[in-house]
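Just below is one structure, and these are the notes that go with it.
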Amino acid sequence: MASALWTVLPSRMSLRSLQWSLLLLSLLSFLVMWYLSLPHYNVIERVNWMYFYEYEPIYRQDFHFTLREHSNCSHQNPFLVILVTSHPSDVKARQAIRVTWGEKKSWWGYEVLTFFLLGQEAEKEDKMLALSLEDEHLLYGDIIRQDFLDTYNNLTLKTIMAFRWVTEFCPNAKYVMKTDTDVFINTGNLVKYLLNLNHSEKFFTGYPLIDNYSYRGFYQKTHISYQEYPFKVFPPYCSGLGYIMSRDLVPRIYEMMGHVKPIKFEDVYVGICLNLLKVNIHIPEDTNLFFLYRIHLDVCQLRRVIAAHGFSSKEIITFWQVMLRNTTCHY
């Protein structure tokens, strides 16, 4: 009996080892085939931003505005305009912002306007969704939309739309911020920060990313091809969670966008334009003003930040309500 058992166990162990070996061999074969199927490009170590530049504005986008703000911003002089990228189906996210950090239109007498940036829903869109979006715009008048397809890979087109809209329809805004629907903005802190600046020209700030490497791996959301971006390192840029700029930079960046082919990552794209314009990013002295990665913030931390990324609509409402309470913070 014991002898038979010892005979069976090694055979089972051998079978299991064989199975693992075959699995690893299959995985290795897949990786080799995947690597061989890739076009082989040499990563360019030394960056030359003129690689992206065309002398004629051949990349000027001519998409049409299908929805615009109700109020005529060209006749206003807002201190700050906040432009929020949003997907057509993100109704709850937009509403959460409208009743929290985007609700108040004046801070200490300084006008702050908030608008949402959208593309068109896919061709097979729910007609009820399209209708409700029209109704939403009639009700709030804060949606800006063009007729390009609203997809993740078209985020750069949405950013170009933002720069065009400010240039053509809201040129008097002293400062402009671009952000996303999953970002918590402490609007009061943002206004205070801008009021305390020593200069109001050639100013661009946010969460700085310096010497950030281009990713060539499997994860499609952060992958960029060699054809699209051949350099090893991205330019200095500010994360798309929220970057802020002075009025004078908006038309200059928008004009440059007509000469630079859009790439997948809108924040990197803006960084390329800034480098071509020889504009340096302003790095905040306080490193806790912008949070790129999701962290567990308490109310006292939220009172110190300008922008924190990774919040759901429900969390934005909850944290905003908590932040407004008379809680004593010992800094």
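The backbone N, Cα and C atoms fix where each Cβ goes, and this holds for glycine too.
Per Swiss-Prot, the features are as follows:
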- 1-20: topological domain 'Cytoplasmic' (TOPO_DOM)
- 21-43: transmembrane segment (TRANSMEM)
- 44-331: topological domain 'Lumenal' (TOPO_DOM)
- Asn72: N-linked glycosylation site (CARBOHYD)
- Asn154: N-linked glycosylation site (CARBOHYD)
- Asn198: N-linked glycosylation site (CARBOHYD)
- Asn212: N-linked glycosylation site (CARBOHYD)
- Asn326: N-linked glycosylation site (CARBOHYD)
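A count of other CB atoms within 10 A of each Cβ picks out Asn154 as the most crowded of the glycosylation sites Asn72, Asn154, Asn198, Asn212.
In the predicted model, the topological domain 'Lumenal' (44-331) shows an average pLDDT of 91. Asn154 (N-linked glycosylation site) and Asn72 (N-linked glycosylation site) are 27 Å apart (CA-CA, integer value). Rounded to a whole value, the Cα-Cα separation of Asn154 (N-linked glycosylation site) and Asn198 (N-linked glycosylation site) is 36 Å. In the three-state DSSP assignment, the secondary structure recorded for Asn72 (N-linked glycosylation site) is coil. On a Cα basis, Asn212 (N-linked glycosylation site) lies 29 Å away from Asn198 (N-linked glycosylation site).
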